[in-house]
Each structure stands twice: as structure tokens, then as C-alpha cells.
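The active site feature in TrEMBL is assigned to ASP89, ASP261. The disulfide bond annotation in TrEMBL covers CYS102-CYS107, CYS252-CYS256, CYS294-CYS329. Among the features that TrEMBL reports, domain 'Peptidase A1' is placed at 71-368.
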Amino acid sequence: QMQVWACGIALSYLLFTIIPLTKVKTMRNALSEKNTLNNFLKEHAYRLSQISSRASNLTIHPLRNIMDMLYVGNTTIGTPPQEFQVVFDTGSSDLWVPSIFCNSPACSTQVRFRHLESSTFRPTQKTFSIAYGSGSMKGFLAYDTIRIGDLVSNDQLFGLSIAECGCEGEPFDGILGLNYPNISVFGGIPVFDNLKNQSAISEPVFAFYWSKNKWEGSVVMFGGVDKSYYDLDACFIALSLSISMKRKVIACSGSCEAVVDTGTSLILGPTRLVNNIQKLIGATPRGSKHYVSCFAINSLPSIIFTINGITYPVPARAYIRKDSRGHCCTTFKENRLRTLTETWILGDVFLRLYFSVFDQGNDRIGLAQAV
């Protein structure tokens, strides 16, 4: 389990190989302004290059923001490369994409890997199945060359789905897990660890920056942190959580466990505690969601997540969002994952506010306010 450290980290002080993931307009707005993103990136390229270090090469990869909640970027598999849109997920450890053998409705809208067209493809006889919070899938394992920008993982174990359930209409092809090997369903070496083992990256560190502005770049960075700029030991803290509002603890008075998950859109927590927060902010249930008046957003208080004495405010404009009908619903939801039902999962709603560094070499996570 990762621990958390928090520092005042400046992006210009990071020494990373940077894979920019550009957050753009939602699908419902993008068509009318489809040329704006390219113009913005050309005009503001210097902002991204400032994040780059003297030793790193900058490779730009557009990332689509889906319905203001989900971030997907590209990766390629095979020789010659076949491109897929994947979720970079810190909550899992495995990479999978659909195979040409998948006939599930979900696969009909996804890019499927054509294994016969890859000269570096190596099949296995092993199968797998994965159950996520909102769906499940099964398939078989294989090896091939994986590329994330300029980073190359050779002979990488990955999964090819043959059946997917609950993934219908999802705007991505697969998932690229970035967690530890010990939670790998495949039982192999994950992509990030392979990059480390093959010396593609200098240190076992990656970071995420989710822009709050739809037209600024969102990035995932792989590499190392320049330790000369701050004292890491001085800002080391453990990953335990309490939640307050208006200076009153409203959940986890005795401290709860929490994980930071880029593959989760919302903020998930134990049923009783989430329901209590919904009542305190005046949210009413309707179907599977809880709604508030859109006029109340400016008057609702921030909810404060305190991690070992350091506060991380989440304002109402972040924990309330509009649905497809223009109604305002909360981004808190019951955690129904069987193995983590008493754990809080801080997803993209939280991470859009805080720059996050995942230091696997030292088993810790760094958080700093996103600017």
C-alpha cells in the first residue's frame, strides 16, 4: 500500500519524461470548436516545455475529457504500432485492450487488436477475468511491444478481451494499470515496472496533472523527481483520512483509509458516511444519484479532506456537477467494491484540484495544489 507525502511541488522543478494528455471540450461541445485545441497548443507550447527538464524529451499526446469526468490518452501495441485510447489507472496493474475475437456489444465500438498484423506478437495459453466496479471482462494473455509516447516496453505481458460486460458505450478501448505487481490479475510484470526494469525511465516515479481549464494541457509524467529542491523526509505522511465541513468532522473521526485512484471518476466512500454527507449538503436521492439545486452551489461549503494534518479542500463547484439534462448532482457515491467497502477512493474529482506524484520506489504519494 502506498503512503502519502505532501509538499509544495512546483512543476518547473520536476525532472520527468512527460506524456502530455490534453484535456479538451466535452463531446457535446467539441464539434463546433474542433480547431481550437490545435491552435491553443501551438500558442501555448512554452507552458508545456517549462515542465520538461534539461534531460527529458517532450512528447505531446492529446487526452480527451469525456463528460467532464474521464481522461483517456493513447498507447500503441505491436509492430507496426496499433493505437488505442486507454485509461491510465492507478487503481489496477494490468493492461488490456479488445481482441478481434471479442463479439460483445462493447467491443463493436472499440478498437480491436489485430494480432496477425504484429511481427512482435507472442501468444500464451493463459486466460484471465477481471471484475471492476461497473463491469467485467475475460480474455487471454499475450506479449508484445507497448509504447507510451517515446517510452517503449518490450515483450510486455498484456490482456486481450474476448468478452466484455457492462462496458457498453464506454469511450475508451482499454485500461493501462499503473499499480504494484502484487495486485496484478495477470500475475506478470506491469507496464510501469517493465519500463523501469528495461531502463526506459530513470526512477520509479510518475505523476498526474489534471487541468481544471478545458483548454490547458493535462499530463501524465514518467521519470524522476529532482530531490535537491525540497526535503522529502520532512514532508512524509501516512495515507489516513478525516473529512470535515464548517470546522466540524463529518466523517472518519477516528481516521479512515483512503486510496488515490486516477481510474475512478467520483469520490467513493462507505455507504453510511456517504449518505451522511449527502444529507448535510441537502442532496436528495433520485435513482442512483443525489441532486441539489444548481442555485445552491455558491452557498454550499467546501468539504475538507485532511490527510495526516494537511488539509485538501474540495469546493462545491468541484463536488457538484451537471448531468446530461442540466441538473446538478453530487460526485459522492457509495463504494461497492467488495474488498474496499470501508475505504475512501479519491478519484478524478479530487485529483483535478491536486497535482499528484506516485513514488513507487519509496511507497508514497505526493500531493500539491494544482495551479
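Please read every residue number as a count from 1 along the shown chain.
The backbone N, Cα and C atoms fix where each Cβ goes, and this holds for glycine too.
All annotation found in TrEMBL is predicted automatically rather than curated by experts.
The CA atom of CYS294 (disulfide bond) is located 27 Å away from the CA atom of ASP261 (active site).
Within the model, the domain 'Peptidase A1' (71-368) carries an average pLDDT of 88. Within 10 Å of CYS107 (disulfide bond), counting CA to CA, the recorded positions ASP89, CYS252, CYS256, ASP261, CYS329 contribute nothing. Taking Cβ-Cβ distances under 8 Å and a sequence gap of 6 or more within the same chain, the neighbours of CYS102 (disulfide bond) are GLN110, ARG112, GLY139, LEU160, SER161, ILE162, ALA163, GLU164.
Looking at CYS252 (disulfide bond) and ASP261 (active site), their Cα atoms lie 19 Å from each other. Each of the disulfide-bonded residues CYS107, CYS252, CYS256, CYS294, CYS329 was scored by the number of other CB atoms within 10 Å of its CB, and the largest score is that of CYS107. For ASP89 (active site), the nearest neighbour among the listed recorded positions (CYS256, ASP261, CYS329), judged by C-alpha distance, is ASP261.
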